[in-house]
């Protein structure tokens with residue numbers, strides 16, 4: 001009996017060690033995916049929007065990304081139902097139509113995210129990629145403030161300090177860019193720094209509000225990531241097409257929906273459509289510290305790549321401002337200090353409660369925009385992939 005117990009303990013220890021190694025590898029993979037998706041999307045949008053020649057309609061790109069995302073989610077749901085078309089249709093009708101109250105709750109965040117994605121194209125078209133990446137971290141500030149006001153959440157002292165540093169860092173970068181704004185005007189470029197800055201600020205405000213509103217109305221929801229994206233996509237496509245008709249309707253009627261689409265434009269659309277879904281799957285393996293590190297690292301990657309791709313000039317002011325933002329993002333992602341327990345039994349109880357709260361919180365946290373990541377915002381998604 002004793003030998004069997006020892007053998008079982010050794011086997012369990014080996015399994016635990018192997019699982020720990022797998023989780024460590026998954027964390028590194030998650031970090032790489034988050035960094036690549038964040039940096040590549042912003043850099044690629046900036047690249048295609050600054051190329052000479054015919055430009056594609058950004059409103060059509062937003063609609064196309066929603067269409068691809070919905071089709072992908074429908075395909076995954078079909079596979080989950082073992083390619084049973086009838087069962088898939090009945091499931092979708094029940095989830096989207098019969099549970100219409102749940103679906104209608106997503107109309108407001110879908111409207112905001114559609115507006116936000118269009119604004120981000122405007123911002124990246126008028127701001128250097130590195131400047132956009134740094135300034136866009138203001139969404140962490142807006143999300144925190146809306147969380148305090150709407151959800152009555154409390155922030156630690158470290159988080160409040162990090163928000164102040166974040167604001168200061170973004171302000172320093174804007175001061176640094178003010179002088180270059182005049183230079184770009186003299187160069188005769190079509191970029192308008194003021195328009196880009198206003199677009200990114202409104203985008204940050206909408207990101208913060210939409211994420212918190214989404215969390216507030218969907219607490220306790222058990223729907224899967226794929227169903228949520230179908231529900232969001234239904235409104236996203238409708239609202240996106242309405243915005244496309246309003247802004248570019250006459251031009252698209254004359255030149256066509258796919259006017260200006262090149263291979264690189266399709267890469268941007270696929271990145272925007274599938275990048276968010278991919279991040280949703282891997283983000284459950286990344287804790288807040290890792291996500292904060294990914295955001296910080298993606299800022300560095302965007303800055304370095306902007307130097308080589310767009311001739312971006314990094315001076316002392318930008319370095320100082322970006323450094324403050326990177327430090328603030330990392331500080332904000334640090335976990336709060338756990339309150340000490342008065343006894344071992346209460347400590348054990350607190351530990352189990354914290355564990356269950358964390359498991360529930362991970363699913364809800366993924367409904368929020370990836371502050372996470374600093375990249376172009378996709379509609380929020382949950383990490384649970386079970387029905």
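For all residues, glycine too, the Cβ spot is worked out from N, Cα and C.
Range with TrEMBL annotation transmembrane segment, chosen from 126-144, 316-334, 335-353, is 316-334.
Between the listed ranges 57-79, 80-102, TrEMBL ties the annotation transmembrane segment to 57-79. TrEMBL assigns the feature transmembrane segment to residues 158-175, out of the candidate ranges 104-121, 158-175. The region 'Disordered' annotation in TrEMBL falls on one of the ranges 288-307, 368-387, namely 368-387. When Cβ-Cβ distances below 8 Å are used as the criterion, the transmembrane segment (316-334) is approached by residues 130-131, 134, 137, 140, 144, 158-159, 161-163, 165-166, 168-173, 175-177, 288-289, 291-293, 295-296, 299-300, 303, 374 of the same chain, each at least six residues removed from its ends.
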